[in-house]
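The structure under discussion appears below in the form of structure tokens.
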Amino acid sequence: MSALLMLCAVLLLLGTPSRGARPWEPCTDLRPLDILAEVVPLNGATSGIRMVQVEGVRGLQFSATEPRTTSFPASRIFSSCDFFPEEFSIIVTLRVPNLPPKKNEYLLSLLAEERDTLLLGLRYSPTQLHFLFLSEDLAGAWQTRVSFWSPGLMDSRWHTLILAVSQGSFSLTTDCGLPVDIMADVSFPPTLSVRGARFFIGSRKRTKGLFTGVIRQLVLLPGSDATPQLCPSRNARLAELSIPQVLKRLTGKPDDNEVLNYPYEADMKVTLGSRPPCTKAEGAQFWFDAAQKGLYLCAGSEWVSVLAAKTKLDYVEEHQSLHTNSETLGIEVFSIPGVGLFAAAANRKARSAIYKWTDGKFVSYQNIATHQAQSWRHFTIGKKIFLAVANFGPNERGQEFSVIYKWSPRKLKFTLYQRIATHSARDWEAFEVDGEHFLVVANHREGDNHNIDSMVYRWNPSSQLFEANQSIATSGAYDWEFFTVGPYSFLVVANTFNGTSTQVHSHLYIWLVGAFQLFQSFLTFGAADWEVFHIGERIFLAVANSHSYDVQMQAQNDSYVLSSVIYELNITAQTFVKFQDIPTCSALDWEFFSVGEDHFLVVANSFDGNTFSVNSIIYRWQGYEGFVAVHKLPTFGCRDWEAFNTTAGSYLIYSSAKEPLSRVLKLRTG
């Protein structure tokens, strides 16, 4: 008997007379509790929930603008007492879309509504599955997060996950494979009160983080690990413990002696031709794209792919010439929920521009005073939306400040929020560790001294400001990149110049005991950018080397033509090892993106020693061959690449550090 069940028994014995006392009962039934069925009536007719069919399998898709429609009080299943089980399993069968980097979506949350406190949550990102729960002791309460690295969800296929929790042990099994076990420092609480709490399915009570995939099974099994009940399975990706009645049939295949029926046959309407509008009137109707051989369902206001041929990148064409205020050192593409898609340009001269995607193109939206801006970084803290600019030059008073701006929902503009003293700042990186928010700045130089400290800043929830947290010695720092591997957090810096040579070590740091500690060093040549990316369960780091120079030797033209390097994480050796050298021309940026099932890297080649008119190259992942060049893109002084998606397709945008013109390119697929 678990500690929690014993506690419930003691409380019942203490709270009632011994004579005639009613028998002990657990807080919930010990049978599988179908949480998904709690928000779906038998006929499936719930506002905000739509039944779809993918790969011949039924699932539910949430399109609610008000997440409360897919919620229910915890008291509905916690019938005997108000404590969440100490040992349990959560079983999920789902199909998830590709997510942008650093985006998270919630599968499940349990909230104490009066305090709006997250008691328990399950969310995923492009690389991790996170289990969150509230921990408390005499010192107070805090959020604990247990993260499982790369469950391999981003392949547009069905998967079944089993999360088992017991006595400080957390285990994740994907498609009945080998479990990943984590022994955490903090155990799941034995007395997590759910009094007055509410379950939210597919959200955290907000539209931000709303689950955009398809879900078929969401079950809580109190008291035991569900893995032996589900595995092994003949169809591990659809292993089933309990699903809502409306999803029972795998509609792609009839049972023996049964006529195959189509649940939507009476109402189904299929539109042919070019993309029709998707409005309330077309809800639950289909559109067949004969050219692309794809079948789409109108869900909410978007056409959702139900069946599609594999998407392949055919070629790249120019979509827009974006005239900028001046030369552009960096571009940041981001979206604001309910407002739209934006691109912030870091312009060399006194004003930088923010553009909004309107009618298929970027148009000027807001101008902000900057001082030789190098880059922008978009990030969020709760409901707050921020943009931080890295200023390379001083202001009119000779002071060096980089600035954080905050989005005003009332003014629909970014307004000044906080100034931070920096030294020829090149880059900001925003990240979260253990529920705390951080910013790190790449300080390039102070006067002629390139060997200075860059600074990590921590968000203070009380003052609502960023405060200096840790200094890290850098040499001409140009870029920071944050990433996680399993429960570990990493930060890598691109060091460019130490005052005499560009042949310097760039360093990778790991978060340990509340600070970043040196983990690994790489010999780099004027490193200007790091890009981390995942292909399946493999993790890569690509460095952009820009220049091989030493004051002791005469610089030659070919010192700009050198190899940039891709490293791969060797899990066994616990280190990154060289995977591939790629010839580049003063490379300043890497950008990773995917089209369908294919993966690509595009490099910003800026200078070959003679001219800034050089080709930037798109490389395609070809497995054993590594990355192979597939497209040559004419660019002029190329500085930065960003990939982004809209309902109309996929795009790349690059900035030029040598002319006031950036270009938007459309990825044509077939």
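Glycine too: its Cβ is placed from the backbone N, Cα and C atoms.
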Residue carrying N-linked glycosylation site as stated in Swiss-Prot, selected out of N498, N645: N498
Stretch-level contact, the repeat 'EAR 7' (626-669) and the repeat 'EAR 3' (413-461), CB cutoff 8 A, at least 3 pairs: no
Number of helical, extended and coil residues in the repeat 'EAR 5' (515-571), per DSSP: 4 helix, 39 strand, 14 coil
Neighbour count (Cβ, 10 Å) for N498 (N-linked glycosylation site): 15
Three-state composition of the repeat 'EAR 6' (575-623), taking helix and strand from DSSP: 1 helix, 37 strand, 11 coil
Helix, strand and coil totals (DSSP H, G, I; E, B; other) for the repeat 'EAR 1' (314-359): 0 helix, 35 strand, 11 coil
